[in-house]
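Per Swiss-Prot, site 'Interacts with H-NS' is recorded for 44, and the stated evidence type is similarity to another entry.
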């Protein structure tokens, strides 16, 4: 799956706690290295969207000022 595919899956989730549960599940079940990298990128992107108040950004377009709030 691509980063966009994972991001669309993660956008169905509106809380950081639920996002972490899905992230842990996928991290445990995925075996392909490229899928894992794409999933990590999408999860980080969704974390940034959630801490910015739910504002949606295109892949790779999250402002640098938002990243300081992502844990």
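Indices start at 1 and increase along the chain as displayed.
The backbone N, Cα and C atoms fix where each Cβ goes, and this holds for glycine too.
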Helix, strand or coil by DSSP: which one applies to residue 44 (site 'Interacts with H-NS')?
helix
If you count Cβ atoms within 10 Å of the Cβ of residue 44 (site 'Interacts with H-NS'), leaving out that atom itself, what do you get?
15
